[in-house]
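Some notes on the structure that comes next.
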Amino acid sequence: MNSSKSPGLAGFGILKNTTCHTEKKISVFFSIIFMTVGILSNSLAIAILMKAYQRFRQKSKASFLLLASGLVITDLFGHLINGAIAVFVYASDKDWIRFNQSNILCSVFGICMVFFGLCPLFLGSVMAVERCIGVTKPIFHSTKMTSKHVKMMLTMVCLFAVLIALLPILRFRAYQIQASRTWCFYKTEHVEDWEDRFYLLLFSCLGLLALAISFLCNAVTGITLLRVKFKSQQRQGRSHHFEMIIQLLAIMCVSCICWSPFLVTMARIGINASRSKETCETILFALRMATWNQILDPWVYILLRKAVLKNLYKITRGCCGMHIINLHMWELSSIKNSLKVAAISESPVSSKQINLQPLSSAGQ
């Protein structure tokens, strides 16, 4: 039987002339460290979010907590499944021919790589849209953005990511073992067929689109919060403004820095096809950068909380001796007061009351 025509060995042609070599001990060490740190950090973030969900059961905050929990849980399972497969591959000395005769493990690995890559990006963009609606249209958010609707959005996002991951399998296209022999993904070497280019471009375009939506919505949210803060003469919501702006900046920076190299690299391979000059080392470095996003995501919610920022403020104030922000700003409820201020600022009745205050004081 001619083994080169066997479907089970479709992905092994790249193993013969590979030019990408990785140190086994260093690679196994990094894989175990990444998986362990990712599991611990995401588990801690889940515990914090669940505690916050039990403590604050307002409808406005429940939607954000559900989406954040979905993102962190997705990152957790991504580290568990992808990390376990990667460690198994390293432990087996990357001998794919021995343990992957039917190409099942590579297909599962490729599906998981695509799903756990796109799903957190989609969830991040949905969270950005939800926060933008909650700040710019608080009345609509409080009446329409129910927990049932949020759960439906989570389900739709996951199903869409599953569909994208299963698309090559449905089209009878096997995922390929990459040149480093440590992971499986779309075909990235000697790409000539239009369908292989389509998968790469689809993955990168969807990821970049999710980042663009997150960036735009977070920018609108931040600008709206700043406008409400400077226009309103009340002190309500300032705690949430400060906390929210810092979280938005952190989420945008982490997502863009970690994911942009990998998405741009896949897009360049899809556009240039066989003329692409992307090396295995470049792709592997971009992949590790993307992995860091799943590690850093939960720490945004762990570290950039009101209590932690309050302690950091005290330390900074003690070191610098500067009076930056009054501490009583932190004593207010974040989500509730933010929505209250945004609703007041949009209400025509409140604007009339604010305009009448200077006239009454002048008459006195």
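Glycine residues also receive a Cβ, built from the backbone N, Cα and C atoms like all the rest.
Features reported for this protein in TrEMBL:
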type	residues	note
TRANSMEM	26-50	transmembrane segment
DOMAIN	41-301	domain 'G-protein coupled receptors family 1 profile'
TRANSMEM	62-90	transmembrane segment
TRANSMEM	102-129	transmembrane segment
TRANSMEM	150-170	transmembrane segment
TRANSMEM	198-226	transmembrane segment
TRANSMEM	246-271	transmembrane segment
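Long-range contacts of the transmembrane segment (102-129) within the same chain, counting only residues at least 6 positions beyond its ends with a Cβ under 8 Å from a Cβ of the stretch, are 7-11, 64, 67-68, 70-71, 74-75, 77-78, 81-82, 85, 96, 153-154, 157-158, 160-162, 164-166, 168-169, 174-177, 183-186, 203, 206-207, 209-211, 213-218, 221, 251, 255, 259, 290, 293-294, 297. Sequence-distant contacts of the transmembrane segment (150-170) (same chain, at least 6 residues past either end, Cβ-Cβ under 8 Å): 62-63, 66-67, 70, 74, 107, 110-112, 114-115, 118-119, 122-123, 126, 130, 186, 199, 202-203, 206. Counting same-chain residues at least six beyond the ends of the transmembrane segment (246-271), those with a Cβ under 8 angstroms from any Cβ of the stretch are 121, 124, 128, 131, 186, 188, 191, 197-201, 203-205, 207-208, 211, 214-215, 218, 221-222, 278, 282-283, 285-287, 289-290, 292-293, 296-297, 300-301, 304, 309.
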